[in-house]
């Protein structure tokens, strides 16, 4: 290995351990004699075995160089961490072997699973260790070369295992001399062309079949299908080696392992055990409730008939097993192929077995009841059949319960699975993933207890409050022998079955859903408990921080490796470092205060405060109050920050005066019991002494001797313990006032000598003549003691004072600090004033009290990389973007100035300090700083890069602190905060070795070619941060070539340089863009860990300091496994933008704190929900990477990394002592698009093989947790909406059928259902997260205040609206697909969104559904007799009206100027233009209603037959509505015959006929013969009036009937339009389609008018607009944001604004 081939200039590594590892690798990688040299080595013999490998197997040169650097860095880091295990100057065999074993662990498991012999052959007990290490290095390098050049094949980990297996066999043959010639694919780029490209092209062809993800999943293979092809020995038989390009794999082998199909049945098949439990309990509870006369359900078990009925549970169980088996065969039949017949055989056998159980148990159970009916009772003969039934059922029960009990045999069962016994494979149908998922017994007990409590509460509640009342109502209905006698008439049937069904349907839906409620409540309670035990919330505010600051210092000293080993091993010692109990000892506190470790802490603290100041979240004054100053005045104690010492001296003076005659020791204990008071007094005394004796007085003068004698007299009295006897404590206040006077005379910039002299004279006079008691104060006695001058004629201090120069900054800072300590009466509880700074500093201090591991020495720290994918988001805001104004006259800069007013003031203060003389210079010489300041407050790449580069800065600081010597108890001088930047240049080599930051900008090459400004901004970031690496895909279209390129900025050359260029087999984007953007760049990452960071994230310097501690978690066992993904919490930094952003922040915070806390412990089902989780890099890169990339199915790509990790036996943990900043969408439209994306992605997850396998492979209780934390949450939202529909449509049916009179006495069940929905909305969606999480971290009072404020700001409406968004897109995606990535922009949202835009986004998901519910509730109020029972009517309908109000008004309430009258008028005009705009060829949905309408129904174009049929069935509810209305009007005499209903369709036909005739007349006459068209319209209107008049004349129709007739036609017409959309494939080419489009346009116009009408009324009324703005921007108002002025456009001239601000 040539050292020149490693980019040492970039690495600049001078570490001794690195040099040792490099020298050893050079020695060990020399090419041995006798190895054949391939003909490809035209430029000479290979310099090392890595280059030899590249020649032999045809790897690219840059790939070899990249992986060589990778190998060197990794082994060097391992050598540094494990150097204690062997000689430090040699590369230990253990280091190389451990790396090889971990890198090839998945390969070894794959070989074991398939039963093939591993190609890795290394001697266990070698004689020649160098030879063994060389073999290890060859295998490691071979795998890394394969992985580094495989491009999209990296998503196929077992495919890489297959390639490595054969190439390693060839390598073994070459090394053993069995192969005389090189492999057939040797040569330049031959590996890419002969191995990678054929597989890549096959994947590409399948991607083309997908038609951009629209085609059914069963018709094309995704990445998982290709990878699972290598899970069977079939790959060896068909593919061979070299690859057989004629095999079925390349021609279309079909789906492998699983077939994804769109159906709600996926919920049943994936989580079958959950539904089995719920159905069996429901059936058993109904059986027990049906028996009357028992006060408790278990008492009914004494009834033999009940016992026999309970046996039907086994019949139901067996029937569900059979149904599950049949369903699996129906959905997975595509897997059966001639070359894989075992799949079909397994399906048939499974169906036969489950069918046999179902039939046999069903037949035996029927025989029991047949015998009973024959005999009339359960006689002994019947018991024989019961015995037969039990004999048949016992084996069935044992087989089904065996897996449940085996889940508690975790360790043995995991080993059994891992060994892959054929018996296990036969019994459980094992596949490569999903084996060994059991947890430890202790962990299993924890989450089993968790779910045991939940299920006990849920089933108790369901039995008492849901099932019992429903059974009671059902029995009463069944006892009605004659419906006519009770005034009860059904619409569709003479019986009462439909009414019973309407009673049970909402009950069953709530029963199936409310487990989610109990899970959420219990998880929050357990989350609080776990959080409290982890010491979360120990420090909740700055006040508590001040009280615990000493303990905080100790935690820093302990956790950051500041205590040398020689001190930590000495026990308690004189300073008591180890025994924490000594912390309460004042002597120990004093020792700590004087210790050098506090000096190290001060350096760290000052660097943190400096970072705060650089971010402009604190001012210069706050900076001075927060930092540790330099001890240039020789103070005898630690000079703590001023904010800790404020008010202490004033309080101490007051306390001492109260005890003027007390002895010294008593006063000492009283005053010095508080450490900060002691330090403040001593610092003030020493500072005044130093000031007078060394700073302002000439030492050669008599006055200097007088002052020195005064101090000596004081110290002498203190030493003798006679201070209170010699000095008059009642005059202490005068001494204090005089000292303050001296300091005040020196603090001003223009110091007056006479004023200083006068202040000194006053101080001297008070001390000598007032403070010293009368005894011995005569002039002779004073002169004898040196306290009085010998000559009384001269004026004291007149010639003795030498004032420092005004340019002496150090003196000014010290005197200012002394003045602050002496005079500040404020407790400084509001320091820092910025909420963000307070939150961050409080969390950092609190986190060190939690279970954070001790950070290792830097050389022992694991290396890690950070990877950020970037597409085309903002990098830096340009000058034009900052100045440009929207329609309301608001610029981004003005918005930021008002929202971040404090930050802006701090920024301008910093600019002036850095030399800006005029504020106008902010647009000239300080323009770059202005752009950065604005960009750091948005969700830009610049903000993310700045945050992530804090890791390097933190590593440099910690390295510097570790290098400081341990000098004893007194310690070293604290470095001034303003000079601490020198730390940034210290030991950059260790930082570069431990940390790599890579931004993968896939379009950077294209942006450079097109001179895109974003390319210049990215280049500037590389200049600013020389450690920043940028990877991009270079597309050379002339040659049809694509390259992964790594680039950096060379500070020496002052230009951007290319580091590596690796050719790709083709376009890198085959599936979802983001995962493949990460994948192409992951080969340039380094280290043991990999943190994935998104574009909307930030990092903080104080949090970066704890990264070493987090990486130590990968060596700790959590249960029976070490972590493979370490999750951390997120800090939402966009909460302050508006109330809407606050709601979103509260919702997100609840999930990323207590939610994930419980998922990780005790539930053990935390997944990877996105960034900023940290991966075990070596583990994850050999198992498919950090995400999955199949088109459409993996649209939420991040969570699939968690699924993949869990199914492969990984362990995902969550750690809350470290947080990463994250931005969220802040506008309602942005939030809704984000929710739509996540909901659609969750629906796609439900279709995936990952969810199916985890749902079936996890043990029962983990499966419950997995369901309710993923797709179950979204399904519960859908069920809530279904329940609402069933309740209100059922109520309407009951009202129209005349059953309401009977139901008035049986309404308790509906009340409970409605109240449970209200409970879900209020508690689950709004209450729990904010109250529970807030109470832990901020206190219960603060949490309750936030909750009530959020309710006043209508948070309930927002959460209800979001629930509708999730339900709509989740349900639609499951049935029809259509999930897609929706760009939200991540920008600042203060612009008013027009109604046309809102209608496009919310028409189908909210507006139309709200109008439908409004129609149902309105008619229900007309026809229901319960409307007279006011309380019950309101109670049962209030939830519906809340839903309607939320779904209609939320887009206006949470829209800036949503109720402004002028904007409302303009919005409606734009809406009309959009409605009537015809669709052109190039028109967009934003421009034309017709284009939007086609796009909105695009999901129906490719949906399946069953989905279309289900949609038609659901649409039929509108036809029932028409029937119910027609049967109620007076003209029909309330006749309910079907003939009346069919006649009503005549009215529908007449309306459509009139519309068709009018349309044709408009086309024919409207343009050329306009008078004919007007005449035709007059005739139609006249005939209509005559027809209506005839109805009134000859029938008993009323105006009320006429209104309801018209109302019945509207939903019927809409239903016909929906059916036409579903049948578009058959109607589009007919003349009917134009009519459908026209009618649909009119309906959307009608819906728009209905929605806008109440909004227009509220906009016209005064006050609503102001109230709406106050609700939306309440938080900003609290900080003085004049949003009303902004939104109304009354803003000062932009140029003057920018100048003044």
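Keep in mind that glycine also has a Cβ here, set from the backbone N, Cα and C atoms.
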Can you check which of 292-309, 310-327, 328-345, 418-435 TrEMBL lists as transmembrane segment?
310-327
Quick one: sort out which of 246-269, 390-413, 486-509 is the transmembrane segment according to TrEMBL.
390-413
Given the ranges 210-232, 348-370, 555-577, which one is assigned the annotation transmembrane segment in TrEMBL?
348-370
Segment proximity, the transmembrane segment (447-464) to the transmembrane segment (271-290), 3 or more C-beta pairs under 8 Å:
yes
State the non-local partners of the transmembrane segment (348-370) in its own chain: residues 6+ outside its ends, Cβ under 8 Å from one of its Cβ atoms.
308, 311-312, 314-315, 318-319, 321-322, 324-326, 328-329, 382, 385-386, 388-389, 392-393, 396
Residue list, the transmembrane segment (1604-1623) vs rest of chain: Cβ under 8 Å, 6 or more residues beyond ends.
1412, 1415, 1419, 1497, 1500, 1508, 1511-1512, 1515-1519, 1521-1522, 1525-1526, 1528-1529, 1544, 1547-1548, 1551-1552, 1632-1633, 1636, 1639-1640, 1643, 1646
Intrachain neighbours beyond the transmembrane segment (310-327), with Cβ under 8 angstroms and 6 or more residues off its ends:
265, 268-269, 272, 275-276, 279-280, 283-284, 287, 301, 347, 350-351, 353-355, 357-358, 361-362, 365, 368, 386, 389-390, 393, 396-397, 400
Mind checking how the domain '1,3-beta-glucan synthase component FKS1-like' (134-244) divides into helix, strand and coil residues in DSSP?
78 helix, 0 strand, 33 coil
Sequence-remote partners of the transmembrane segment (517-538) [C-beta within less than 8 Å, at least six residues beyond its ends]:
450, 453-454, 457-458, 461, 544, 548, 846, 849-851, 1150, 1153-1155, 1157-1158, 1161-1163, 1216, 1264-1265, 1268, 1316, 1319-1320, 1323-1324, 1328-1329, 1332-1333, 1335-1339
Confidence summary (mean pLDDT) of the domain '1,3-beta-glucan synthase component FKS1-like' (134-244):
87
